[in-house]
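Note sheet for the following structure.
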Amino acid sequence: VIGQPAKSKRPKEPGEDKIKPVNKKVKPKTPKVKERESADSALKSQSILTQVMDKGRFQKPAATLSLSAGQSIELRCKGSNVTWNYPSYLDTFKDSRLSIKQLDRYGQLILANSTAADTGEYGCWLQLCNGNKCRKDETKTGSTYIFFTDKEELFVPTPSYFEIVYLNPDKPAVIPCRVTTPSAKVTLHREFPAEEIETDGTDIIYDVKKGFVYQHPTSDHKGIVYCKAESQGAPQISIKYHLLYVEVPKGPPSTTIAASSNRAEVSDSVHVICTVLGEPDVDVDFRWQYPGQESARPVIIQNFWRLINRGTGHTTRISKSVLLVEDFEARDAGNYVCIARNLQGETTVATKVELN
């Protein structure tokens with residue numbers, strides 16, 4: 001009987017205060033746990049990607065997955081407006097093995113009958129749209145790198161047998177000999193003189209998701225190389241990579257313009273050529289303004305590019321746009337303006353063609 005009233009009075013007893021410090025020892029840890037939980041939940045909220053397993057089970061995929069070639073995989077991302085990322089060649093060949101659907105509450109990606117070539121990054125994110133403008137929701141994304149292992153194909157197959165890799169002095173260069181088996185031992189080799197290239201983990205590193213990375217390319221690295229992989233069997237050789245050293249100033253296109261003649265007779269044919277010297281892997285877009293444009297004067301415009309070796313170990317890309325005016329007449333006289341654009345900006349040049 002005495003114990004019962006004691007229970008009812010316990011919260012008010014000073015002895016209870018002696019118990020509270022014990023709780024307080026736990027409490028400082030509790031916020032940390034909560035912080036950890038909130039951090040974990042933040043990470044979970046960022047990763048909206050799940051993998052559909054057997055019997056309708058779901059799991060968060062790890063940063064990397066290894067599946068045998070031939071297996072199918074289903075990925076889902078929560079949300080009503082999901083965008084997917086996957087190896088680009090599946091788009092290039094419009095592969096029917098790939099199915100992407102948007103359902104009410106999630107996006108679905110199914111890849112059936114996988115092959116070694118499907119190895120790569122698979123990811124998704126939510127799109128936030130306001131009218132016609134959409135942007136990526138950086139807080140709701142998910143990704144996993146999937147190896148589709150195939151002992152017959154240690155290297156991820158590529159469409160070509162020979163690739164060019166540009167060595168730029170101010171950015172890393174990647175020799176993209178990726179493998180399908182993450183445990184494979186991969187080495188880099190020069191074709192001539194025949195030798196293995198040392199991977200020191202500083203200047204040259206190997207990234208299983210990318211290939212060999214030259215952190216600070218120089219002209220000494222140029223030449224033809226290939227990779228060799230070994231994994232429980234005979235070694236396999238990758239395709240060859242031609243490393244070209246590039247040194248071209250960054251910035252808007254370096255552009256010149258010239259006409260085949262700045263004075264033309266009636267019925268002459270006149271060429272106006274717009275030329276850009278630039279980095280081999282930087283595309284250039286051309287636009288023209290010319291005297292007969294408003295009157296819908298028919299002209300012929302041809303764009304093309306080629307690589308040249310400047311003889312000092314450097315490779316440059318020459319991009320050209322040629323505007324041809326046939327049967328020159330009075331309305332064709334005037335200024336011919338070429339606007340060349342790349343990722344760094346645009347350059348406008350002009351020349352005048354007059355009627356004799």
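In case you wondered, yes, glycine gets a Cβ from its N, Cα and C as well.
Under the heading compositional bias 'Basic and acidic residues', TrEMBL lists 11-20. As annotated by TrEMBL, compositional bias 'Basic residues' applies to 21-31. Residues annotated as domain 'Ig-like' in TrEMBL: 253-356. The region 'Disordered' annotation in TrEMBL covers 1-42.
Counting residues of the domain 'Ig-like' (253-356) by DSSP class, helix then strand then coil, yields 3 helix, 63 strand, 38 coil. Each residue in the domain 'Ig-like' (253-356) has a pLDDT score, and their mean in this model is 89.
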